[in-house]
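Trainee: Once you've had a glance at the structure underneath, I'll fire off some questions.
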Amino acid sequence: MAQVLYMALPVPAKPRKAASSSSSSSSKPLKLPRRIRGTNISIPTTAEGSGKRLLKTQKLNLEVSPHRAVSAVRLMRIEFGGAFADLLNEKGKGSGENEMGYVQRTLGFRTRELNHHDLRLVTDIVGGTIRWRRYLDHLINSLCLEKDISSMEPLLLQILRIGFYEVVKLDMPPYAVVDENVELAKVALRPGAGNMVNGILRKLVVLKENGTLPLPKVEGDDRAQARALATLHSHPVWMVRRWTKYLGQEEAIKLMIWNNSEPSFSLRADRASGFSRDDLVAQLNALKVPHKLSLHLDEFVRIKTGLQIVIHAGLLKKGLCSVQDESAGLVVSVVDPQPGETIVDGCAAPGGKTLYMASLLSGQGKVFAVDVNSGRLRILKETAKLHQVDGVITAIHADLRTLTDNGQLKSDKVLLDAPCSGLGVLSKRADLRWNRKLEDMEELTKLQDELLDAASKLVKPGGVLVYSTCSIDPEENDDRVAAFLVRHPDFHIDPVDRYVPPDFVTSSGFFFSNPVKHSLDGSFAARLVRDS
């Protein structure tokens, strides 16, 4: 559950309530005040969900930049509708007819369809604007003297954030940024909004050209320095203070720089489908996608750019490969699945580690995939069939904490990939930093303890319990293991140096991937053996 898994699944034509709030897109179309202007062409379309050809009129605006309109709507959905930035970016199909449906319902008009260049810009702008939100809002507040952004119309604020990001971080031509964001504000809102965007963006352009952007200095006491660093590197203050406490200021800054960088991705060749890494490399060469072989795992290939090309080529839909970070693969290495073993994945969805473990069983053995979310478990089952490992995976819809009450299910190995803060995956999950609060940590550690206690009941004598997270926080990692061993003296640590490269082994014998050091997602795993 802790990992981030990308799958090429269709975006629904209409917003609908998802099975879990953690993975929902948008429950209803956003209602925004607006007045429509510009070149609007009425075009007839067929109404959805009807066997009859009922025609309705839609407004096609050819003056508004399509990638900016789509970016503004995506940002609205992410901030106010609960949609995940990574989910929206990876579901490239959502940028077709369905994407324009969201634009139509939110802004009141459609633009021309997005091409591949537009799609890349949308992904860059949406991800970058979310990452740099605190930094951008500081600049907007500094230049928008007559109006505090807390009272600003949501759509107007998103348009300003896009314009500020394009000027300050993307170094786009200022005249194009100003003109096109002004036009979007005028058409989607009203002429006065366009005038406001024009004035503020022009101020920003002058300040950037003069090198006089109004940014805070890192000075004063610890709290003041944390606030300044939080603005300069666009993170919540509580995260900055926490990382400074555990890592020191210098390492905390390096971590924030990593979180704000463009993420790289890894592809895992699905050997259960008879598709080797050599086959994957051949496909990437044919698609002209730059790549490097993983230094740590035989099935993995790393790519920095070209993920959308891979998705559109259908490699994921055909079940030939999965998008999975190497850190997640190394956690599976710690589990060390062997043919014939019975393995329980206690918090299985979305299923990346489940599928990888199943592929290593070579058709012999069983993986019981347990998860409390029925919708995500259904997707896991469908994906298992696609990857030809459904024969060794049994899905169980249950809360692990209640599943263990009957005491019937015992296994050779249990993987508890526990719900966590996700502080190790902030590079990929750009929105997560704004959705996590300090208060969450206490609730999460309590849940992790409960799940660990439950998972331990499923382990046979002499069996293995692997506890993992995608967090870099010691309270969720080392501290949870230490507390568990106090409660369960019949378990002991099995050092992971036999299963992963030595560079990933901590002094306590745990697996830990450091984002800055290893250029991977941050993750943790402890291998615990039950006494015979």
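Counting starts with 1 at the first residue shown.
Each residue, glycine too, has its Cβ placed from N, Cα and C.
Taken from TrEMBL, the feature active site, nucleophile covers Cys470. Per TrEMBL, the feature S-adenosyl-L-methionine binding site maps to Cys347, Ala348, Ala349, Pro350, Gly351, Gly352, Lys353, Asp371, Asp399, Asp417. Here TrEMBL flags 18-30 as compositional bias 'Low complexity'. What TrEMBL records for 255-531 is domain 'SAM-dependent MTase RsmB/NOP-type'. Per TrEMBL, region 'Disordered' is recorded for 15-35.
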Trainee: Say we define neighbours as other CB atoms within 10 Å of the CB. Which of the recorded positions Cys347, Ala349, Cys470 has the fewest?
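Mentor: It is Cys347 that, of the recorded positions Cys347, Ala349, Cys470, has the fewest other Cβ atoms within 10 Å.
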Trainee: Averaged over the whole of the domain 'SAM-dependent MTase RsmB/NOP-type' (255-531), what is the pLDDT?
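Mentor: Per the prediction, mean pLDDT sits at 96 for the domain 'SAM-dependent MTase RsmB/NOP-type' (255-531).
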Trainee: Any idea which of the binding-site residues Gly351, Lys353, Asp399 has the thinnest Cβ neighbourhood at 10 Å?
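Mentor: Counting other Cβ atoms within 10 Å of each of the binding-site residues Gly351, Lys353, Asp399 gives the minimum at Asp399.
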Trainee: Give me the CA-CA distance between Gly351 (S-adenosyl-L-methionine binding site) and Cys470 (active site, nucleophile), in Å, as a whole number.
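Mentor: The separation of the Cα atoms works out to 14 Å.
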Trainee: Please give the S-adenosyl-L-methionine site's span as the largest CA-CA distance among Cys347, Ala348, Ala349, Pro350, Gly351, Gly352, Lys353, Asp371, Asp399, Asp417, to the nearest whole angstrom.
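Mentor: Roughly 19 Å, rounded to the nearest whole number.
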Trainee: Can you grab the distance from Asp399 (S-adenosyl-L-methionine binding site) over to Cys470 (active site, nucleophile)? Cα atoms, rounded to a whole Å.
Mentor: 20
